[in-house]
Amino acid sequence: MEKLTLPAPAKLNLWLHITGRRADGYHELETVFQFLDHGDELSFSLREDGVIRLHSEIADVPHDSNLIVRAARKLQEQSGTRLGADIWLHKVLPMGGGIGGGSSDAATTLLALAHLWQLDWNEDRLAALGLALGADVPVFVRGHAAFAQGVGEQLTPVDPAEPWYVVLVPQVSVSTAEIFSHPELTRDSLPLKMRPVPEGNSRNDCQPAVEQRYPEVRNALISLGKFTEARMTGTGSCVFGAFPSKAEADRVLALLSETQTGFVAKGSNVSMLHRKLQSLIKKSSS
């Protein structure tokens, strides 16, 4: 049977402010999400027997705990479909990197299976289901750069500049739960009242706690900071900096390659997943 193959793009938090902590322990955030033209790739094939089978194992992640499998089963359960799927994952994005690998895989799974199973589900419904899997899943479902509030699920589309980025990948996996429970984490940034959202005078409130705990992240920030403003994305560990051209970004990554691992990618306000889905829809309707 023919496979449906779709990307699961990375994201950056261009900045991230923590404005409070809720009674349930979750943190209130303000952040800007932007996508990268770089990510994992998933392939899907229809099954008639209702079985969900992920054929790509990830070290230390049991099959049934994988967000891809959980997303597929949740959609299956809530839609009432009797169909299943075989799923293959080509993993590129690091785990614990702050660039959305697991959340992006889950969102691609929801959108792909809604298409494959011919469900009449709109983005709102898929995003609401995605939120139950993780706070970052809705932005990947919607596929447009966004100013996010709440726990990250209240999304307002924005269109920041789309530069080339150098993304450094320190060889550590940062625990989001550990960072959000850090006693010295800033939790009282003032909510922004200006619109559009200012790009200057911003920061990542998680960065100091991560730098303190993970010297590899601090070293990456120092290395990239010699060439441009360097910032951490999410709760780390990945670090990024913007450049006006691919040539300049490639040059800087080459200079850093002896001590740092990373990649170069274009920023994008419309995710490559949504661009691919739109082209599929156009083909099927023509």
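For all residues, glycine too, the Cβ spot is worked out from N, Cα and C.
The annotation active site is assigned in Swiss-Prot to Lys11, Asp136 on the grounds of sequence analysis. The ATP binding site annotation in Swiss-Prot covers Pro94, Met95, Gly96, Gly97, Gly98, Ile99, Gly100, Gly101, Gly102, Ser103, Ser104.
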Beyond the site residues Pro94, Met95, Gly96, Gly97, Gly98, Ile99, Gly100, Gly101, Gly102, Ser103, Ser104: chain residues whose C-beta lies within 8 Å of the centroid, for ATP: Ala10, Leu93, Gly234
Between Asp136 (active site) and Lys11 (active site): CA-CA distance (Å): 10
Alpha-carbon distance [Asp136 (active site); Gly98 (ATP binding site)] in Å: 10
Gly96 (ATP binding site) CB neighbourhood, other CB atoms within 10 A: 18
Cβ-based isolation winner (fewest other Cβ atoms within 10 Å) among the binding-site residues Pro94, Gly98, Gly100, Gly102: Pro94
Neighbours of Asp136 (active site) among the binding-site residues Pro94, Gly96, Gly100, Gly102, Ser104 (Cα to Cα, within 10 Å): Gly100, Gly102, Ser104
